[in-house]
Amino acid sequence: MSFEGGHGGSRCRGAESGDAEPPPQPPPPPPPTPPPGEPAPVPAAPRYLPPLPASPETPERAAGPSEPLGEVAPRCRGADELPPPPLPLQPAGQEVAAAGDSGEGPRRLPEAAAAKGGPGESEAGAGGERERRGAGDQPETRSVCSSRSSSSGGGDQRAGHQHQHHQPICKICFQGAEQGELLNPCRCDGSVRYTHQLCLLKWISERGSWTCELCCYRYHVIAIKMKQPCQWQSISITLVEKVQMIAVILGSLFLIASVTWLLWSAFSPYAVWQRKDILFQICYGMYGFMDLVCIGLIVHEGAAVYRVFKRWRAVNLHWDVLNYDKATDIEESSRGESSTSRTLWLPLTALRNRNLVHPTQLTSPRFQCGYVLLHLFNRMRPHEDLSEDNSSGEVVMRVTSV
């Protein structure tokens, strides 16, 4: 047995006993092949090891079998082995160039690989660059994509809003034509131009005015027919209106009874003894005075009752709203018609002059008699009361929704 010593370690060889050389180490396994479509992995750089010093030739070594080429004898690390010297620092460009010249392809930048090699080398270089970047760039990529998607989503929303603004909508319920036919009943233009007929009728009944609150144009509303008695709806009235109605009703009943009794006492042959009695003559004077008071009460409170009747009539009539006609509007303006008077007496004058009411509706004696009496009582009111009503410019038709 002979021992050969060297600077980097010791090597054992059994020349005398005929021991064979130790078996060579198996070659390292090949790197795993990446699936198609993914970049090739970057192999790790080989660790730096200093070269072993050449050992002197000995007779045993010369007599022994020759070692095959390409095999490296195993090294035994000892205490005398020195650590590898540190690598010298090189600029980034030189390091990349040196790596490219030495055959270490994975350290090549994508630009250099694309300029130097084919598409395979550029893909490998791009894959190595992505691996060297690591997972730190993924949030940035996602944020860019998310910002692009959010910006595209915001653009779609703005486009949707602009498309909605171009569609005509009702200025009362803010719905489109799918809820009903849209009308143009007044001079308003733009986004407040159109409205549904049912929405406008409900707004007129609740607001109590035939005019538009924006352009002050009187709607062309016509009465079609009265509802059936089973479809009549009640309206809400205030306490003052209730007192006024009760006073007018009681005054009317007392006036009718008093006038009837006075006429019977004056012309009946069976009341001769009453006309001669002094007590009945005093009663005649008192009844005459009370009749005058009742007439004044009815005239004073008749307008309030008339307004309540108009409200009830507006609720229990079928109305139709006409579209705005510019030619008619110009013609009415040229004639100098007062919108206040037309608005105040619209249900009476407009319907009679244009013959828009059905012959069987509101023209029968049972409706016409009371309607004309209330109208006459309202005309007999003092002028200051009429001026107060005309100053408002609206039909008092305040009706709550039922």
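Every residue gets a Cβ built from N, Cα and C, even glycine.
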Which range of 259-262, 295-298, 371-374 is motif 'YXXL motif', per Swiss-Prot: 371-374
Annotated range (Swiss-Prot: motif 'PDZ-binding') out of 183-186, 203-206, 315-318, 399-402: 399-402
Binding-site residues compared (Cys186, Cys199) - the one with the fewest other Cβ atoms within 10 Å: Cys199
Sparsest-packed of the listed binding-site residues (Cys170, Cys173, Cys188, Cys212, Cys215) - C-beta count within 10 angstroms: Cys215
Counts of helix, strand and coil residues, the zinc finger (162-222), according to DSSP: 22 helix, 8 strand, 31 coil
Surrounding CB atoms that lie within 10 Å of the CB of His196 (Zn(2+) 1 binding site), all protein chains: 23
CB-centroid shell, 8 A cutoff, Zn(2+) 2 site Cys186, Cys188, Cys212, Cys215, site residues removed: Pro185, Arg187, Val192, Glu213, Leu214, Cys216, Tyr217, Tyr324
From Cys186, Cys188, Cys215: binding-site residues whose CA lies within 10 A of His196 (Zn(2+) 1 binding site): none
Alpha-carbon distance [Cys212 (Zn(2+) 2 binding site); Cys170 (Zn(2+) 1 binding site)] in Å: 14
